Ligand code: FAD
């Protein structure tokens, strides 16, 4: 048994970042993790492995589609799936070991095992009970399913199973056209699977700006993904090698079935708080089943804080990280802060899709007067040189003040480009501020500047 200033439960991006910042601020810190490796969902079965597979499958796509045009001749590479999984596992290993190194460097104790909170100020792991002046719950989330769909992680899989299938399926049905379903769907489409995406709503990625969502669907279709929208899945019947998905089209209630070798259930994630003992402690939860916190991440029980996927807000690694840093600062008596209006979200398909701030639909609904500046990557020399002319940058700015209200990008490196708009928004910049900033040529970022110019006197290359 040991005594700590802070014990963090969970070592995902929320938990490990909180632990590191607490230690940096001079607090004696431990982090409890039940998995065999640190890093949580993100490093083990989320962001990192999915990006490794997206990268590998994108290289194949480049070789098959663009190499010959650039004068790169020779046999196109074939897929060694086992080796691709080994590469993915190596990437995971390097990253999780990296967190272990950072824990040692910052003198953070990793308490191995599943933790619970028998009472405020105490964390129990196995038979040991540790004292903690402050406890940060960063227990994350787990995949959620829908009625009549049982996940076996072999034929009917969650994202976790989809990252380690025994082989590339001939036919993959993805239930849910959100970020995770589309990223993993496009991995398998590039590797040769026939991919069918079934979505309940009438559009893909429903929270995204409507124009971007439409353009994105068109591009994914061109890459071979098929979409059935407005379809309510009724159930999945599975054998050891096959599955049958039954759905009803919402427009006419007609029932349909589709066969698959693998079904990926990507219908969202739910907070994971099992075994922590929160109910017995009287920690308040919201109606959506996540831990309720105040603006400083404190629960209603003194000394217990919560962050990341286990609380309200977008289930994103960087949101969890920001909360991790901020809650550490609050505990250390400083002013921790997260600006929830400027949290970017990215889909790492090809092209990438990225957004920050408000969508056009949200501005319309709020009755806010706004202007739109748009620029197509077809007018960007660098994008055309690398076969990446598909997509556009769209900047939304206040009609009167020109203050940037949101940005939506579909195109090359969108996930990186969005950050110049994030920084601009943090500083309360106008579209003109972006437009007057010199951007190096030839870069994709010139498209962001051109979209900002389009909010004023107009872009140059359109
Ligand atoms: P988690 O990462 O879920 O970590 C929680 C940790 O707590 C887990 O390791 C768990 O074992 C541990 N734990 C839980 N309870 C206990 C307990 N009682 N005792 C001990 N340990 C416990 N987000 C992005 O921003 N970008 C992406 O590209 C992205 N891609 C994703 C791809 C996939 C396939 C998935 C599934 C998710 C992806 N996400 C992405 C979401 C991202 O992974 C999560 O938002 C992020 O991991 C949340 O961090 P967290 O620290 O709140 O929790």
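Numbers here mean position along the shown chain, with the first residue as 1.
Placement of Cβ uses the backbone N, Cα and C atoms for every residue, glycine included.
Automated prediction, rather than curation, is the source of TrEMBL annotations.
Annotated active site, proton acceptor per TrEMBL: 441, in sequence order. In the three-state DSSP assignment, the secondary structure recorded for residue 441 (active site, proton acceptor) is coil.
According to TrEMBL, the feature FAD binding site maps to 51, 115, 309, 315, 316, 317, 318. A helical conformation is recorded for residue 318 (FAD binding site) in the three-state DSSP classification. Long-range C-beta contacts of residue 318 (FAD binding site), restricted to its own chain and to partners at least six residues apart, with a cutoff below 8 Å, comprise 13, 343, 344.
Per TrEMBL, the feature NAD(+) binding site maps to 176, 177, 178, 179, 180, 181, 182, 183, 199, 268. With a 10 A radius on its CB, residue 182 (NAD(+) binding site) counts 28 other CB atoms from all the protein chains.
Among the features that TrEMBL reports, disulfide bond is placed at 42-47. Annotation for residue 42 (disulfide bond): spatial neighbours 12, 13, 48, 317, 320, criterion Cβ-Cβ under 8 Å with sequence separation of six or more. Under DSSP, residue 42 (disulfide bond) is assigned to a helix (H, G or I) in the three-state scheme.
Taken from TrEMBL, the feature domain 'FAD/NAD(P)-binding' applies to 4-324.
As annotated by TrEMBL, domain 'Pyridine nucleotide-disulphide oxidoreductase dimerisation' applies to 343-452.
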For residue 51 (FAD binding site), just give me the three-state DSSP call. helix
Which recorded positions from the set 309, 315, 441 come near ligand 1, judged by a Cβ under 6 Å from any of its atoms? 309, 315
Among the binding-site residues 180, 316, 317, the one whose Cβ has the most other Cβ atoms within 10 Å is 180
Nearest recorded site to residue 47 (disulfide bond) by CA-CA distance, among binding-site residues 176, 178, 199: 178
Check the Cα-Cα distances from residue 115 (FAD binding site) to the binding-site residues 178, 180, 182 and tell me which is shortest. 180
Taking the Cβ of residue 178 (NAD(+) binding site) as the centre, how many other Cβ atoms fall within a 10 Å radius? 21
To test your reading of the NAD(+) site: which residues beyond 176, 177, 178, 179, 180, 181, 182, 183, 199, 268, same chain only, put their Cβ within 8 Å of the Cβ centroid of those residues? 174, 185, 197, 204, 205, 266
Minimum Cβ neighbour count within 10 Å among the binding-site residues 115, 176: which residue? 176
